[in-house]
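A.B. asks: According to TrEMBL, the protein carries these features:
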- 110-516: domain 'Major facilitator superfamily (MFS) profile' (DOMAIN)
- 21-42: transmembrane segment (TRANSMEM)
- 154-171: transmembrane segment (TRANSMEM)
- 178-198: transmembrane segment (TRANSMEM)
- 204-225: transmembrane segment (TRANSMEM)
- 237-258: transmembrane segment (TRANSMEM)
- 264-282: transmembrane segment (TRANSMEM)
- 347-368: transmembrane segment (TRANSMEM)
- 374-395: transmembrane segment (TRANSMEM)
- 402-421: transmembrane segment (TRANSMEM)
- 427-450: transmembrane segment (TRANSMEM)
- 462-482: transmembrane segment (TRANSMEM)
- 488-511: transmembrane segment (TRANSMEM)
Amino acid sequence: MPSFDEVLKEAGEFGRFQKRVFFLLCQTGITFSFLFASVVFLGQAPDNYWCRIPGAAELSERCGWTLEDERNFTILPLLLGNGSSSGKCERLDVAWDTSVSCASPLARYGNHSAGNLPLTACHDNWVYKQPHSSIVSEYNLVCGNVWMLDLSQAILNLGFLTGAFTLGYAADRYGRILIYLLSCLGVGICGIIVAFAPNFTVFVIFRFLQGVFGKGTWMTCYVIVTEIVGSDQRIVGIVIQIFFTLGIMILPGIAYLIPTWQGIQLAISLPNFLFLLYYWVVPESPRWLLTRKKGEKALKIMRNIAKHNGKYLSPHYSEITISNEEVSNPSFLDLVRTPRMRRNTLILMYAWFTSALIYQGLIMRIGIIGGNLFLEFFISGAVELPAALLILVTIDRFGRRLPFAISNIVAGIACFITTFLPEDIPWIKTTVATLGRLGITMAFEIVYLVNTELYPTTLRNFGVSLCSSLCDLGGIIAPFLLFRLAAIWLELPLIIFSILAVVCGLLVLLLPETKGISLPETVEDVEQLSSHFGKRGKKQKHQDTNSYI
């Protein structure tokens, strides 16, 4: 009986069928990037707001004040009497009533006593010039509540983390495409509920669930793509990262055109419902079907792939070799039970954690340009495009391991050099820091590909999901690590980043090279891989070539 890779080679490893599926699933990268980075625009801090004095609303209505009039009567006395108060987080501890003068509501306190008027903290009486522009003004996430905005992003990352475990497991047990479609439905429904959340509690609950389902769409589409193409075409996984970057570049345009956070939230959530149409055009992964002892369904899909690719499967392909490895529900122990699986898992978990920590840390540390949030965000995404292009140029020539290691080491060295560059030449520091950003972006994108290629089909989705969950943990820790260490010494975070990146670069050299090698089907296949590509890798490639003859 022929193996799956032999059948795939005859049906077409990257023909018209795979290109169509690949392009359709790449759109998931755009919508996932919207979810990943949307807090930047959903949570914009309002420029113009103040704390309303009790009775001001009624007095304003009686006197016919505009919001600007009310603000002047509220803020000017504070500025005159207490220059340290802006009127945003505290107010005069007085009450206005309808008996006061419309022209001078504080006249009874005397013009010279404004500085002696008592002040009190503002709790829930804020007035915003644009009340629905962001979740900050919608749910009063200002002053003492500002930490709640950070909490909302931490909750989203916690959703990513939960989705990596739960939906990664589900995709290996119930199928890739089923979990992908359910995840798309979940992202869309939760996104709508988030947009119309009546309070902050409902907002964060469904923001968490949107993170769970969002991670399901992203990881599952990535695995589907890599499992239906040949070993020489698996770099298509890198191209998916380009679509993620395109989403980062499109997002500020959406936010610029839509003035309210609810509109932005709906605009980035509703496209997920379109992915439900993929039920009719994207098949289940035939590799996964083989691991679940469903060889007939897998062969039917392969014949359909061959037909769309303009090829024909030989009549003797009546059955495909099914893995003899017993299929069971995957667990973490399966990833660490054997020596090389254990080594690969631990190194990949560290690589995911380091990439996310440094990537987000560098984004928060450097402002690429100042002043215009929309333009700044667009440029920060454009910087990532060369990373994907460099990977596409180098990964087929030099393999996976060497670019993976070098990108981490370059990022580490760039962070270290940036630490000691003079402050009076800011463009040099920005240039070197951007080089570090480029290096860690490359590492971040390569780890997706390498992670997929180092796990057997029976554990692939679960393994990728579990290891990538460390990415979400790194994203949660990054702001706390950055700001706590920067309080001690501004450049201390860069020292930590450089150490983490260089260590990661050295560790990934211990991983096996997977360039040109068929995806492993069983744990035994993974154990046979060697970190010495020059010996085992070439031998494996030779064996694979002979198997096709």
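Cβ atoms are placed via backbone N, Cα and C, with glycine included.
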A.B. asks: The domain 'Major facilitator superfamily (MFS) profile' (110-516): mean pLDDT?
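C.D. replies: That region's mean pLDDT is 83.
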A.B. asks: Which one of these stretches, 21-42, 154-171, 178-198, 204-225, 462-482, has the most C-beta pairs shorter than 8 Å to the transmembrane segment (264-282)?
C.D. replies: 178-198
A.B. asks: Quick one: do the transmembrane segment (237-258) and the transmembrane segment (427-450) have at least 3 Cβ pairs under 8 Å, skipping pairs fewer than 6 apart in sequence?
C.D. replies: yes
A.B. asks: Using a Cβ cut-off of under 8 Å, list the residues of the same chain at least 6 residues beyond the transmembrane segment (374-395) that approach it.
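C.D. replies: Counting only partners 6 or more residues beyond its ends, the transmembrane segment (374-395) has Cβ contacts under 8 Å with 37, 40, 235, 238-239, 241-242, 245-246, 248-249, 251-253, 255-256, 363, 367-368, 403, 434, 437-438, 441-442, 445-446, 449, 515.
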A.B. asks: Do the transmembrane segment (204-225) and the transmembrane segment (154-171) share at least 3 Cβ pairs under 8 Å, sequence separation 6 or more?
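C.D. replies: Counting Cβ pairs under 8 Å, at least 3, so yes.
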A.B. asks: For the transmembrane segment (427-450), could you work out the same-chain residues 6 or more beyond its ends whose Cβ comes under 8 Å from its Cβ atoms?
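C.D. replies: Distant Cβ neighbours of the transmembrane segment (427-450) are 222, 226, 234-235, 237-238, 240-241, 348, 351-352, 354-356, 358-359, 362-363, 365-366, 368, 383-384, 386-388, 390-391, 395, 400-401, 403-404, 407-412, 414-415, 417-418, 421, 464, 468, 497, 501, 504, 508, 511, 514.
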A.B. asks: Under an 8 Å Cβ to Cβ limit, what residues of the same chain, 6 or more beyond the ends of the transmembrane segment (154-171), are close to it?
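C.D. replies: Residues 35, 39, 179-180, 183, 204, 207-216, 219-220, 223, 329-330, 461-462, 464-466, 468-469, 471-473, 475-476.
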